[in-house]
Amino acid sequence: MADKNGFFDLSKTNLTRRTALKGLAAGAGLAVAPGFVRYSQAQSSAPIKIGFQSHRTGIGAAYGRWYEKTTAAAIKAINDAGGINGRPVEVIIEDDGTDPGRGAEVVGKFATQHKTDIVFGTLFSHVVIGSAPAAGEAKMPYFVVSEGHHVASTKLNRYVFQPGITDVKSQIQSMAPWIAANAGKKVTQIFPDFAFGYDHRDYLPPALKAQGAEVIAQIAIPPTESSFTKYFPQIPAETEVIYHVMVGPAVLTFVKELGEFYGSNRPQLFGFIDSLEATDINSPGLEFLDGSHFWEGSPRYAQPDDSAAQKAYRAAVGIDDNGAAVGDPKDVSTAAHMFGCWETLYVVKKAMEDAGYKGPEDRAKLVEATEALTEFAEGPEHPQGPKTFNGKIHQCFGIQNISKVEGGRLNVVHKTKIEDGLYEPEGDYTTQPL
Amino acid sequence: MHFGPHLLLAALEGLVTSAVLALTALGLSLVFGVMRVVNVAHGEFFMLGAVLAWAISTAISGHPALGFLAALVLAPLIVGAIALVAERLVLRRLNYNPEATIVATIGMLYIIQQLALTFYGPEARPVEPPFSYRILLPWFGYSGYKLSIIAASALLLVATWLVLTHTKIGLVMRATQYDSETAQAFGIPVDRVYAGVFALGAMLAAVAAVLIVPISQAHYLMGQDPLLLSFIVVIIGGLGSLRGTLVAAVLIGLSDGIISVFFSPTLAKIIATLLVAMVLVFRPQGLFGTASR
Amino acid sequence: MKDASPAKPYALHLGVIALLFALSFVLPDYHHGLLARIMVLAVFAMGYNMLFGYVGLLSLGHAMFFAAGLYGAGLAVIHLGWSVPAAFAVGILCGAVLSLVIGVLALRTSGVAFMIVTMMFAQVFYLVMLYLASWTGGDQGMVVPQPARVLSFGATSLELTNPTVRYMSALALFSIVLLVTLAIVRSRYGRVLVAIRENEERTKMLGYDTFSNKLAAVVVSGTICAASGAAYALLFGYVGSSFASVQYSILPLLWVLLGGAATTLGPLVGTLFMYYVVDITSGYTSAYLLIVGIALILLVLFFPKGILGTIRHRWLGWLP
């Protein structure tokens, strides 16, 4: 990203400073003893620094790359329009290795070394949960684009927000009416035996029940599994819909093996696109998905009724009508999630402007200003659609897309309403001390 | 589905796992047995095989079988060459010291993984199978290609066995494995044997990966599970025993498949792993190993 | 151990502890926080070194002992609402019991079989933590609530989330474990362990019960690792299954080999080195793993016994 040189210099200065300090400690007999080194506050014209915790390596790397691209595009758009409070915005990227331990270290690094104003970032739930304590302790606002239910569960802390993407619980709940009405009443769920899967395991059955449909079997696949055929016999014969949310690199195997198992005589399929993010829907073996349906946060393929804002967003990020990188049709984006980076950064901008944010001493004000937000109108800042925001649970709510695979592309066939995804808040962050 | 067909399916799946595992583990077993080197980067050679298979098969147009066959020949050769270079540049200079080679192969693991991430990318990419024939059984459909993996793996295993037992190269390798100092004294170029064995081990992993990649897919982190499973197979089978490696691979592949019929998937994994660990606890030399010298 | 005089090693170790104490006042915030983490993980490495360095048993499953402490302490706070000292004790106890059970089973094997058996037991432990996700939080893990992370002494209470308290707690744990290891290594028992490493048959013939000695070493090692895990949960506030994965079994091996196996300070040096290589290189390039890999290979080529091992070999024979 554009700030690479800045970062470069920063680490260099820190290195020399550290060396100097070590020399001091050894030589001058700790003359500087209890003096924690403090630095002067950023000048008003100095850039606002956003620490971006990115999955550059590890299992989340495909997401990380596109999160970075989207973030770069949003920052460019914000800076071109005058920045935040008249100050330019600078992004500093650190790799979390898609690992919760490293994630927490990275948050610490942003807070104490880079001295960023906020931390922004990541997708994988375990990294968010692992990093949340570090953010809370450093009193560092931490804006995530994870879609996990962890933020809204109010089990994290007052400094963690998810204002740019809906959470899984809300997504599942808004899918249920459509599934029951259009796909079938007897549903078998196949999901990975870890947290992302558990959200589906726990929230789908009650949501379907409310619609007069039922989950007749739940098959949890261990995360270390790389082949799936041996689990398919557990799918009851009367199944009308297979609801699948496999994630990770093995998903192609999963689909292919499902195809070999069933042939043309298959139940309806409904899946979450998470499985196939950054994967070409026309990959060999995926023919079996033709005619099946997917949840999408934001549509991968350009739709006939796309708004001007959606078109502008796609152009800014650099994805073509098929949701692949402009100029490289094989480089498929994570379109269904990465819009959340764009929208979150605009929420940050809005909240910082509302709070009259000047520097790290205003972080508490920023938290309160974010909690005070209630609505985001559809437009260039929120191209995916309108959203509401619940400041008590730090979570936004929005519309969802259901798309059908036909003719080698995903066509949106249904858009849910915001109300479909609302649920009773499970707690209230605003009662926690700042 | 009824119990019988379910079991049949699980057994078939288990056999496919076993077939790939046997090849990968055999490579590790050779390196381990002959050189006494714990090659932590073995899984990365497996991954490289899959990634190269993708690169080669996408570079060659025409019928998918053409690209696949090219990959089957070229990918192991390239991986073998890389392993050879790594052996010459690093392992030889460490005098095959067991502890130093662990650190060095962890270093290789990082290097190979990062290079794959940089040049190949973080996405999982599929390779088209050379043929896609679906065998229709009365109860379920099954991939014809998967069955052919079992056959291909069996052929390669027999070929390796013949080389080890009936050729001079094999004799030299076994002599080195038995006692490298005496072998040296008898004029066997132990140094070159080691280089050859390390390359061969990597090539076996790469072949296994090329075979599996049409039903799995290439991903830069795919090396870890085969590595762990191969270690288990090698030790359970007994060090240096080809027969043991094969039996252990079938045992582990089948138990993994069949136990999944009776228990919920994660519980099945727990039980299967615990069972295999207990085999080792009560028979530390492995199934076919002789007591350690 | 060539020099029998205890003065030099003890002076060195106390000096290291004093230096770490002094660093607390001069380090910039970031390195202050990082060093606290490194000290906790160095305890993990020291526990590993106890078994690997001094007994010569290469385990690939020590993540389970670390994680036993992590979960034992973390879950005692999360589910039972126990106080920090009680939770810490539970964590250590979990590690002690687990290592006793694993030791009895795994010590029937030796060499590579020991390596694989420990790896498989650790894998079972990892899967069990996933299987019990309703209590453990599975792979997502759980946050140890910040308000619970306080040490109370009557009226005064210390918040473990305060950087200075955290640093000093980590240092206290590190110092205790360092001095305990030093004492063990220099004791008669420590020499028996080294004798087992060098030649188990001969040690047995000399009349030592090698099995009990090894079992004791497994338990000491597992307990130290659990102490590190418990401290990690309480000081950094997160428990999750990634700490039980095989990666966290390989890390202490790597740290120990880098710092120098069978050196008391090697684990600290190795952990410190690895952390800073990653930290510094990741600032320059996103392909930092490449540099880490090359660094490992160069290090092992030129410092085959690890950093301190090589220093001891070449210059300072008295290093413990």
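Just so it is clear, glycine is given a Cβ too, placed from its N, Cα and C backbone atoms.
TrEMBL labels come from automatic prediction, so no person has curated them.
Note that this is a predicted model, so its numbers are computed, not measured.
Under the heading transmembrane segment, TrEMBL lists B:6-33, B:45-62, B:68-90, B:102-122, B:142-164, B:193-215, B:227-254, B:261-282.
Panel annotation: around the transmembrane segment (B:45-62), residues 24, 27, 68, 70-72, 74-76, 78-79, 82-83, 112-113, 116, 120, 125-128, 201-202, 205-210, 212-213, 216-223, 226-227 of the same chain, lying at least six beyond its termini, place a Cβ under 8 Å from a Cβ of the stretch. With a threshold of 8 Å between CB atoms, the same-chain residues lying at least 6 positions outside the transmembrane segment (B:261-282) that come near it are 3, 6-7, 10, 232, 235-236, 251-252, 255. Using a cut-off of 8 Å between Cβ atoms, the transmembrane segment (B:227-254) and the transmembrane segment (B:6-33) share at least three residue pairs, counting only pairs 6 or more apart in sequence. If you look at the transmembrane segment (B:68-90) against the transmembrane segment (B:142-164), you find fewer than three C-beta pairs under 8 angstroms, all six or more positions apart, and that falls short of contact. Among B:6-33, B:102-122, B:193-215, B:6-33 has the largest number of CB pairs under 8 A with the transmembrane segment (B:142-164). Here the transmembrane segment (B:6-33) has long-range neighbours at 39, 42, 45-46, 137, 139-140, 142, 146-147, 149-150, 152-154, 156-157, 160, 173, 177, 197-198, 200-205, 207-209, 211-212, 215, 226-227, 229-231, 233-234, 237, 239-242, 245-246, 248-250, 252-258, 260-261, meaning same-chain residues at least 6 beyond its ends whose C-beta is under 8 angstroms from one of its own.
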